[in-house]
Amino acid sequence: MARKKIALVGSGMIGGTLAHLAAKKELGDIVLFDIMEGIPQGKALDLSQCGPIEGFDAKIAGTNDYADIAGADVVIVTAGVPRKPGMSRDDLLGINLSVMKAVGEGIKNNCPDAFVICITNPLDAMVWALREFSGLPHNKVVGMAGVLDSARFATFLAWEFGVSVKDVNAFVLGGHGDTMVPVTSYTTISGIPVNDLAKIKGIAPERIDEIVTRTRGGGGEIVGLLKTGSAYYAPATSAIAMAEAYLGDQKRILPCAAYVEGKYGLDGLYVGVPAVIGAGGIEDIVEIELSDEEASNLKVSTDAVEELLVACKGLDSSLA
Ligand code: APR
C-alpha cells in the first residue's frame, strides 16, 4: 500500500511540531508548505535528520509551491498569524481570512479529496471560510479546537483531583474562544461524574468553576507567558489525534469544530461539537442533552461565532 501523504500548510511553530509528531508516528510522508522561503525547507531538513535517531523513514520535504501538496490525504492548516499578548483570537480575523482564501484555493486545485484540519484562529470562522474557499464537502473540513480545550480542562482537573490524566474524560462544547462551554455534567473521572467525585473528595464547587474559567482562558494564559506567539505543542498533538482517527478509520468521538446543520438548533454553522471521525471524515455529530444553563451558554458561544461570520462576509464579498 502506498504511503499516506500529509501536507502541512504553514510551517511555523505548530507546523514544525506537527511534522515532528507525524514523522515519529509514521503517519505518512510529509510536505511542509509556507510562503516564507527557506523556512519549510530548513525545517524539513532538520526534521529529516531526526529519522536515523528516532528510527522513522517518513520522507519530509519543504516547499513554497502548492503543486507539491498534490494528492495529500490529510492537510493540516496553520498558515496565518498567531496572537500576541493583549490580543483576542478575533483580532486575527482580517489578516487570517485572506490567508484562508489563498490556502483554500491551493487545496481546491491540488488535493480536493483530502481531509482538511484547520487550526488557524479565530478557529470557528476560519474553518468556515476555508471550507467556503476550498469548496470541499463539509464533512471533509474540520477545525481543531475541542480536543485541545478538553485536554486543557482535563489537565487542570487531573492536577486538582490528584489523579492520572488518563482517567479524566473532559468535555467542552461551543466556539474556540472565551465563550467556550466546558460541560461538567459530561465530564468524568474514571466514569465518575466530576461533580460527584468533587463531593467525595471535598473539593468545593467554586474550585471547579475556577478550573472552567482557567480552561476558557487557557490559550491566553500561554500567550501571556510566551509573549511572542501562542501555544503549539498541545495544538499540534490535538490535530495529530484527529488525523490518526481519519487515517485509521477509528470512529473516535472527538470534540471538533464541525459543520452542524439541524442539530443543537443550528442551521449550518461550524462550532465545537462531539463528532465521529472515521474514513468518511466527519461521519456523524452526536447531539447530547444539555441543561438549560449549558444550552444558553452554547447559544452565547454560537452567537459569537455567527457574528464573526458576518464580519468575514463584510471583508470578502465572495463569502456573502
Ligand atoms: N500561506 C502559507 N503560510 C503562511 C501564509 C500563507 N498565506 N501566511 C502566513 N503563513 C505562515 C507564516 O510564514 C508562518 O510560518 O504561517 C506560519 C504561522 O506560524 P507561526 O507564526 O509560528 O504561528 P503558529 O504558532 O504556528 O500558529 C498558527 O494557529 O493556533 C493558531 O492562532 C494561531 O492562527 C495561528 C495559527
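Glycine residues also receive a Cβ, built from the backbone N, Cα and C atoms like all the rest.
In TrEMBL, annotation is done automatically, which means it is predicted and not curated.
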Same-site NAD(+) binder from ASN96, ASN169, ASN195, ASN297, given that TrEMBL records GLY10, SER11, GLY12, MET13, ILE14, GLY15, ASP34, ILE119, THR120, ASN121: ASN96
Densest Cβ neighbourhood among GLY10, GLY12 (binding-site residues), 10 Å radius: GLY10
Surrounding CB atoms that lie within 10 Å of the CB of HIS176 (active site, proton acceptor), all protein chains: 28
Neighbourhood of ligand 1 - recorded positions from ASP34, ILE119, HIS176 with Cβ under 6 Å: ASP34, ILE119
Residues GLY10, SER11, GLY12, MET13, ILE14, GLY15, ASP34, ASN96, ILE119, THR120, ASN121 [recorded NAD(+) binders]: greatest CA to CA distance in Å: 17
